[in-house]
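Features of the protein shown, as given by TrEMBL:
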ACT_SITE  C247  active site
ACT_SITE  C247  active site, nucleophile
BINDING   Y105, E126, D222  S-adenosyl-L-methionine binding site
COMPBIAS  178-191  compositional bias 'Basic and acidic residues'
REGION    165-191  region 'Disordered'
Amino acid sequence: SATSASTSTSDSTASIAANVAFTDAATTVAATNTTPRLLRYQQVEGAFSNPNGDVAEVTAEWLFATVGEIRQLRSRSGDVAEDEDGGHAMGKQSVSLLPSLVELYSGNGNHTCCLSPHFIRVTAVEIEPRLCAAAYENFTVNGVENAVCRALPAEVFAREKTKNTLPHVKPSTSKTFKVRDGKRRESKEMVAEDEEKVEEVEREEEEDILACAGEHGVVLVDPPRAGLDLDTLALVRQFRSILYIACDARSLRRDLVERGLAESHDVRRMALFDHFPFSKFCEVAVWLEAKEMIL
């Protein structure tokens, strides 16, 4: 249930924009200075959104600060090697940024836009194609150039990546939106040969991300109140760092305790966000870190 600061609009095909100010960290891991950052979002009417803009802003700030803590943790744990110029490097990658983020149930990309400055690459997955299109608009408006959005269910993405393809699951026909040099490229607008090349490269990039998920990977999940299905949970537990936003605390407890996520990962930080005052539901955000590096 991706949050967004949005209101209603009179046209079912129209989009609306909401200005939300967040605090953005400086570009280096050790920096403590912060500068204001303004993010702007568009939301298609009739597609899912969380209407509580104030709490959405606080949630995004918590996520951003938590990912900053993950970056500092990686630096302190010795995963980061200092180069000759005094900067940091992880292999050939600059570790002023984490290598990658996989975000499931990404909605209109509001969290993607917020967190993208922390990462070299971001792969977002959202079941609703209209929200994927809105995510691209938000990428463009907010200058996000390192994100891909795939329009397919999280469980299908998970089965692709864990090779747990069930007989009733059809091969993915997802539509991919990618930002390259600030221009939109949609697979349906490409010639067949170009489309195949682009999708092959994107699949290879995803495989590279998942190959090092246990060592460096970060995954963000924001599922509906039912929580994670078993296939998605199997994928998520492969990541070293997990950010889990639960719409129902009971589903979170089930995934942690009954389905064993707490056996492989420790809870490092937790927060409660009352998106729906006077209702019985509160969103619970949890940062989990693998007890041992998963290789």
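The backbone N, Cα and C atoms fix where each Cβ goes, glycine too.
Distance from the CA of C247 (active site) to the CA of D222 (S-adenosyl-L-methionine binding site) is 8 Å.
Ranking the binding-site residues E126, D222 by other CB atoms within 10 A of the CB puts D222 at the bottom. Once the Cα atoms of Y105, E126, D222, the listed binders of S-adenosyl-L-methionine, are compared pairwise, the greatest separation found is 10 Å. By the criterion of other Cβ atoms within 10 Å of the residue's own Cβ, the least surrounded of the recorded positions Y105, C247 is C247. Cα separation, Y105 (S-adenosyl-L-methionine binding site) to C247 (active site), rounded: 12 Å.
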